[in-house]
Every structure is written in structure tokens, then in C-alpha cells.
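K.L.:
I have a structure I would like to understand better, so I am pasting it below and will then ask my questions one at a time.
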Amino acid sequence: MLSIFVTFLGAFLTLIVMRPLANWIGLVDKPNYRKRHQGTIPLIGGVSLFVGNLCYYLMEWDQLRLPYLYLFSIFVLLAIGILDDRFDISPFLRAGIQAILAILMIDLGNIYLDHLGQILGPFQLTLGSIGLIITVFATIAIINAFNMIDGIDGLLGGLSCVSFAAIGILMYRDGQMDMAHWSFALIVSILPYLMLNLGIPFGPKYKVFMGDAGSTLIGFTIIWILLLSTQGKGHPMNPVTALWIIAIPLIDMVAIIYRRVRKGKSPFRPDRLHVHHLMVRAGLTSRQAFFIDYVCFCSLCNYRYFRGSLLCE
């Protein structure tokens, strides 16, 4: 319980301390044709999440798998994300770095996609060597799916909390207490950002954004936990369950890339054609669009949960 409290406190204090520093160094988001917010907003949610996560790791070091490799990976993503938030790095360079981290995860951590479970009826689909390649592409895809979904207030934080809550509950049911506690700690580390992002309790004056630093960190952590939970001997979760846990970000990414390519545009070129943007364009407020996305995501996770077959028996 102490580690959870320290996690929240570390994440919250980071937001307070980093706010004036972010304004001073220009780590802020400015309104443009895609971004309709008012004034400059500090992009420090990722730093807060990193510090909160680090606090938990330092207090629960012996309970977590491969702490050095994970912390190194998210530190690299944080650094690259901050540079991208400040200076706009090429998406190909970012994807290349994400691929390198995926390879390190495979080579040093032996964490990779080995099978897809009983996705074809009673037969387990084993991937063999091709699973290594799929793992690299899956890592890049999931990192960028969570990056792309960060389009309106509360959406990234809310959907991430649902994903981590689903994982935490499933791991708790299976007796995987270390993974369950870490998943819940990740929610706690996101909450301070989510509160300020939604103007709770200090109003819009203290609003912050997650930035690419935070969204990529969340995406990498999701794929890291899902691979640990669905692969290897005695894995507690069915691999197909992972798709339900990341359904909304994944569907949104696939749809937006399809629309961009069909129009002859680069799939990496930002626009306002995401599902939440289309809902706002249809007349909903940002809060209403967030609420609908959030309810849909919770419904998907609950449907899969009560339908059963989430855990490997």
C-alpha cells in the first residue's frame, strides 16, 4: 500500500514541479489547425508517468521481472518522446528506435510472440521464428496506436486505465499478484495526469497533456505486460484476450491508416479523422466523445470478461 501511495505522490509532484520548467524550455503544445485547445499546454504527462512508475519499481524491485531492461526501454522512449514533443522528430526515426527496443526485449528479455493460442478452434497456432518479426511490428503498432488515440482530453488516460485495470483484474484472478499490483500501480501513476488533463480539481488553468513521451511509454508498457501474460510456459492469459484489451486504440489506428492511404496521404501525416474527431465534428462535445469511447471500451472488456475464456485453464 505504501508503494501505491508513493507512486501517486511521485507522479503528482512531478506535474507540479515540471509545469514551470516545461514553459521555460518550450515543452508545450500550441494551438493550430488540428489542435483546438486554448493557450499553450505543458507536455509533461509522460514525465509524470515515468517518475510514478519508477517510484513503484524502486519500492518493489524484487517482485518485478527484468527491471533494468524495462526501465532502460521506457527511459529511451521518454527521452525520444520529449525531443519529439519539443522539436518534431521524423516518424521513421521514432519507429526505428521502437524497433531496436523491441529487438532488445526479444534478445535480452526473451519476451516475444511465440503463439496465438487457440485462435483457430481447438488447435494452438504456433508462430516459430516468424513470431520474432511479428513481435517487432506488433510493438511498433501498439506503441503508435496509443499515440494516435491521444486526441481529446481524457481519452488516452481513460482508455489506458481501462486496459491496465482489465489486466490487473485478470492477473489477480490467476494469482499473479506481482503483475496485478503493477497494473494497478500504473493506473495510480496515470491518475494525477488524468485529473489535471480533465481540469480536476484546479480547473483548465492547470491543464497538462501527455505528449508523445507519455503515449509511447504507455504503449510499450501495454505490449510488455501483454507478452509476459500471454506467452511462455504457464502463461495466465489467452493471447486473443490481448486484442480485446487494446481494441479501441487498435481499431482506430487501422481505420485511420486505411483512410489516409486510400486518399493517397502518408499514414504518418496527422489529421482530424480519428473516431473521436469525427464524433466531435458530428456535434458532440469533447467530453461526450470521450465518454462514448470510454463506455464502448469498458463494454468490450466486460463482454470478454463475462464471456469467459480470458484466462488459460
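Each Cβ is built from the backbone N, Cα and C atoms, and glycine gets one as well.
Unlike curated entries, TrEMBL annotations are predicted automatically.
Pulled the feature table from TrEMBL, pasting it below:
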- 6-28: transmembrane segment (TRANSMEM)
- 40-59: transmembrane segment (TRANSMEM)
- 65-83: transmembrane segment (TRANSMEM)
- 95-113: transmembrane segment (TRANSMEM)
- 119-143: transmembrane segment (TRANSMEM)
- ASN147, ASP212: Mg(2+) binding site (BINDING)
- 155-173: transmembrane segment (TRANSMEM)
- 179-196: transmembrane segment (TRANSMEM)
- 208-228: transmembrane segment (TRANSMEM)
- 240-258: transmembrane segment (TRANSMEM)
K.L.:
Once near-sequence residues are set aside, which residues in the chain of ASN147 (Mg(2+) binding site), 6 or more away, have Cβ atoms under 8 Å from its Cβ?
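P.N.:
Listed in sequence order: ASP212, SER215, THR216, GLY219.
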K.L.:
Under DSSP, is ASN147 (Mg(2+) binding site) helix, strand or coil?
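P.N.:
Going by the DSSP assignment, ASN147 (Mg(2+) binding site) falls within a helical segment, counted as helix.
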K.L.:
Taking the Cβ of ASP212 (Mg(2+) binding site) as centre, how many other Cβ atoms lie within 10 Å?
P.N.:
26
K.L.:
Can you see whether the transmembrane segment (6-28) and the transmembrane segment (119-143) are touching - at least 3 CB pairs under 8 angstroms, only pairs 6 or more apart in sequence?
P.N.:
no
K.L.:
If you count Cβ pairs under 8 Å, which stretch among 119-143, 155-173, 208-228 touches the transmembrane segment (65-83) the most?
P.N.:
208-228
K.L.:
Considering only Cβ pairs within less than 8 angstroms, which of the stretches 95-113, 155-173, 179-196, 208-228 has the most against the transmembrane segment (119-143)?
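P.N.:
Comparing 95-113, 155-173, 179-196, 208-228 against the transmembrane segment (119-143), the winner is 95-113.
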